[in-house]
Amino acid sequence: MKIIMLGAPGAGKGTQAKKIAEKYKIPHISTGDIFRANIKNNTELGAKAKEYMDQGLLVPDEITLDMVMDRFAQDDCKNGYVLDGFPRTIPQAEALNKALVEEGEQIDYAINIEVPDELIVSRMSGRRACVSCGGTYHVVFTPTKKEGICDACGGELTIRDDDKPETVAKRLNVYHNQTQPLINYYHGLGLLEEVDGTKEALEVFEDIIGILGKVAQ
């Protein structure tokens, strides 16, 4: 079972991808993890990517795609995977599809988690992170016992730059311009399934399992 997760930043893609991976015993593959692993292991692709990253430049699509395809070739992916964070643009999606077809492979489902922008902003701007231990909380969903103080270590909580409302708004703008067109792309391939991401995480997961059950059977 080969799955691509789609949705705006803060829609819950990573959370659901982990749950799917655990249930079906397939790896959760995030591009961030792939980059870190290649750079840490000083692979040829990692070295190429690091050159761009050190200059503050975007890593070219072909390097990212090579890393993704290399990850797919590993033994733990033989029964499938959940891909999170790639593709982000139509050219990336087309290149990924071409590379998979050349390997005699194909994606089974592209799952889009739908959440309105205003809820995304509310969710992300409520996140807090501990400056000491890195623990994460949410002022509404997972509040600490004492406001502004980490339950685990007593450290101070802060809002990460990525979670500030103005930053979230910019990220959503990029998403709508670059990534949202993927919804139409995968719909055109007959692979798109959409779920309501405004529900509780467990309900969203149950909806996804209902979709994936059609493949798993």
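Here the Cβ of each residue, glycine as well, is placed from N, Cα and C on the backbone.
Within 10 Å of the C-beta of Tyr137 (ATP binding site) there are 20 other C-beta atoms, taking all protein chains into account. If you look up Swiss-Prot, you'll see Gly10, Ala11, Gly12, Lys13, Gly14, Thr15, Arg127, Thr136, Tyr137, Lys199 marked as ATP binding site, on the strength of sequence analysis.
The region 'NMP' feature in Swiss-Prot is assigned to 30-59. Taking H, G and I as helix, E and B as strand and the rest as coil, DSSP gives the region 'NMP' (30-59) the counts 21 helix, 1 strand, 8 coil.
Annotation source Swiss-Prot lists AMP binding site at Thr31, Arg36, Leu57, Leu58, Val59, Gly85, Phe86, Pro87, Arg88, Gln92, Arg160, Arg171. Summarising the environment of Arg160 (AMP binding site), the number of other Cβ atoms within 10 Å of its Cβ, over all protein chains shown, is 12.
The region 'LID' feature in Swiss-Prot is assigned to 126-163. On the 0 to 100 pLDDT scale, the region 'LID' (126-163) averages 93 in this prediction.
Feature annotation from Swiss-Prot assigns Zn(2+) binding site to Cys130, Cys133, Cys150, Cys153; the stated evidence is sequence analysis. For the recorded site, Cys133 (Zn(2+) binding site), the DSSP three-state label reads coil.
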- [ ] Pull out the binding-site residues from the set Gly12, Thr31, Phe86 whose C-alpha sits within 10 Å of the C-alpha of Cys130 (Zn(2+) binding site).
- [x] none
Open item on the list: Excluding near sequence neighbours, so keeping only residues 6 or more apart in the same chain, what lies with its CB under 8 A of Val59 (AMP binding site)?
Closed with: Phe35, Lys48, Ala49, Tyr52, Met53
